[in-house]
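What Swiss-Prot records for 1-229 is region 'Pyrophosphorylase'. Residues or ranges marked as UDP-N-acetyl-alpha-D-glucosamine binding site by Swiss-Prot: 8-11, LYS22, GLN72, 77-78, GLY139, GLU154, ASN169, ASN227, ARG332, LYS350, TYR365, ASN376. As annotated by Swiss-Prot, Mg(2+) binding site applies to ASP102, ASN227, with the evidence given as sequence analysis. If you look up Swiss-Prot, you'll see 230-250 marked as region 'Linker'. The region 'N-acetyltransferase' annotation in Swiss-Prot covers 251-461. Residues annotated as active site, proton acceptor in Swiss-Prot: HIS362. Marked as acetyl-CoA binding site by Swiss-Prot: ASN385, TYR386, ALA422, ARG439.
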Amino acid sequence: MNKYVVILAAGKGTRMKSQLYKVLHKVCGKTMVEHVVNAAKGTNPDKIITVVGNGADSVKDVLAGQSDFAFQEQQLGTGDAVLAASDLLENLDGSTLVATGDTPLFTAETFNNLFKKHEESGNSATVLTAKAPNPFGYGRIIRDEDGNVLRIVEQKDGTPEELAVDEINTGVFCFDNKELFKALKQVGNDNAQGEYYLTDVLEIMRKAGHKVGAYEMPDFSESLGVNDRIALAQATKIMQRRINEEHMKNGVSFIDPDTAYIDSDVKIGNDTVIEGNVVIKGNTEIGSDCYITNSSRIVDSKIGNHVTITSSTLQEAQMDDNTDIGPNSHLRPKAVIRKGAHIGNFVEIKKAEIGENSKVGHLTYVGDATLGKDINIGCGTIFSNYDGVKKFHTNVGDHSFIGAGATIIAPVNIADHSFVAADSTITKDVARYDMAIARGRQTNKPDYWHKLPLSKDKEWE
């Protein structure tokens, strides 16, 4: 049987009070509509169609290559939105699942179970339902004695007996595709909103003698729709718990999982420990047996095995096996730390490679440089790479020693086994085995204390 998924993503989302199109707000690193598309992909459908309206180009950019698109010119209700996909679907055999782009918590497992229930039951329409702890505000599912769905009753229209029902409509449906589009053409807009409701299709199908059923999913929280910032925060919290629990099942330890903020695409190896107040975002990959301490932030970075990150920030950076950094250091884009290297506290590295077993201990800036292996960079060293117009590169060879307080003014090449004396300002190349000293000689003034006007001040004696 052919399977199709239609995702409704044309609403304005005015309650978000945002310039950003509603379904493009992110939950754990992905836009809401991407989460829904990913769940849809998990059903292996023959076609995914996203119905767009407001912000159509932005949604198309995000979902390029993942979905076909239909355009809803005016937002005239959910029924009208699905009908916008008729040119792509109307005459096809199979089953169509309809979901909304502002429900990021649905899983592929739930969508697969809905397809399965729909097919096995021989329904023309199957409603995805859930038992709500507090069903107020939701449409209630009213069934007959055989469990078939008679109707969906909205809060404002229900009798006391109907409103006592705790099974609610999640807004996701599965239909026989051809019957869906036949019924949609019969849906009217004689209601207070003047809109065409997808739920009216159920009554049309039932009156035509078609079977309408339901699949009750076990986890009500999946059905959370995001219409404002409060719901966005709730969805993020639920998604974050789901992500962290999955990592824990795979052997990752969280000291405080409630304060570890991990995006959905992050990969973490087993035996890694993550403390509280840690943020890991984007396409970051972290190896096994690492330790990430509190207040660390890692974005789009690749971390090897046996790495320790102490209260530091990494962005588009790479740390190979058996390296460490921090506290309070910053790896900026294109920083590469090779195996066994040590980056200490208050170090900033940008677009630079630190070779194997090299040490950059503290209070140092390294930018636009390539450092070899077994190098020691002294405290307070600055790689001066910018002349106000262009950036320039510095090379430091293997087994070199850079003394404390040095300033390396690019472009220069410091050869293998060479030395730079403390507090030197280096503007020329340094040859192999040489030591560069570029500072004024020390001069001592004998008995200078007694020549100062303040020398007789008792506080100075």
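A Cβ is built for glycine as well, from the same backbone N, Cα and C atoms used for every other residue.
Location within the structure of each feature annotated in Swiss-Prot.
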| residue | record | Cβ neighbours (10 Å) |
| --- | --- | --- |
| LEU8 | UDP-N-acetyl-alpha-D-glucosamine binding site | 28 |
| GLY77 | UDP-N-acetyl-alpha-D-glucosamine binding site | 21 |
| ASP102 | Mg(2+) binding site | 26 |
| ASN227 | Mg(2+) binding site | 15 |
| ARG332 | UDP-N-acetyl-alpha-D-glucosamine binding site | 16 |
| HIS362 | active site, proton acceptor | 18 |
| TYR365 | UDP-N-acetyl-alpha-D-glucosamine binding site | 20 |
| ASN385 | acetyl-CoA binding site | 22 |
| TYR386 | acetyl-CoA binding site | 11 |
| ARG439 | acetyl-CoA binding site | 13 |
Of ALA10, LYS22, GLY139, ASN169, ALA422 (the binding-site residues), the residue whose Cβ has the fewest other Cβ atoms within 10 Å: ALA422
10 Å Cα neighbourhood of ASN227 (Mg(2+) binding site): matching binding-site residues from LYS22, GLY139, TYR365, ASN385, ALA422: LYS22
DSSP state at LYS22 (UDP-N-acetyl-alpha-D-glucosamine binding site), helix/strand/coil: helix
Helix, strand and coil residues within the region 'Linker' (230-250) as assigned by DSSP: 20 helix, 0 strand, 1 coil
Nearest recorded site to TYR386 (acetyl-CoA binding site) by CA-CA distance, among binding-site residues ALA10, GLY77, ASN169: ALA10
Pairwise CA distance, LEU8 (UDP-N-acetyl-alpha-D-glucosamine binding site) versus ALA422 (acetyl-CoA binding site), rounded so that it is a whole Å: 65
Cα proximity to ASP102 (Mg(2+) binding site), best match among recorded positions LYS22, GLY139, HIS362, TYR365: LYS22
For ALA10 (UDP-N-acetyl-alpha-D-glucosamine binding site), the one of HIS362, ASN385, ALA422, ARG439 that lies nearest, given that the recorded positions are compared by Cα: ASN385
Candidate nearest GLY139 (UDP-N-acetyl-alpha-D-glucosamine binding site) in space, where candidates are the recorded positions HIS362, ASN385, ALA422, ARG439 and distance is Cα-Cα: HIS362
Candidates LYS22, GLY77, ASN169, HIS362 (recorded positions) - the one closest to ARG439 (acetyl-CoA binding site) by CA: HIS362
Site extent for acetyl-CoA (largest Cα pair distance over ASN385, TYR386, ALA422, ARG439, Å): 22
Mapped DSSP class for GLY139 (UDP-N-acetyl-alpha-D-glucosamine binding site), helix or strand or coil: coil
Distance, ASN385 (acetyl-CoA binding site) to TYR365 (UDP-N-acetyl-alpha-D-glucosamine binding site) (CA atoms, angstrom): 10
Rounded Cα separation (Å) that holds between ASN169 (UDP-N-acetyl-alpha-D-glucosamine binding site) and HIS362 (active site, proton acceptor): 59
When distances run from the Cα of ASN385 (acetyl-CoA binding site) to each of the recorded positions LYS22, GLY77, ARG332, HIS362, the nearest one: ARG332
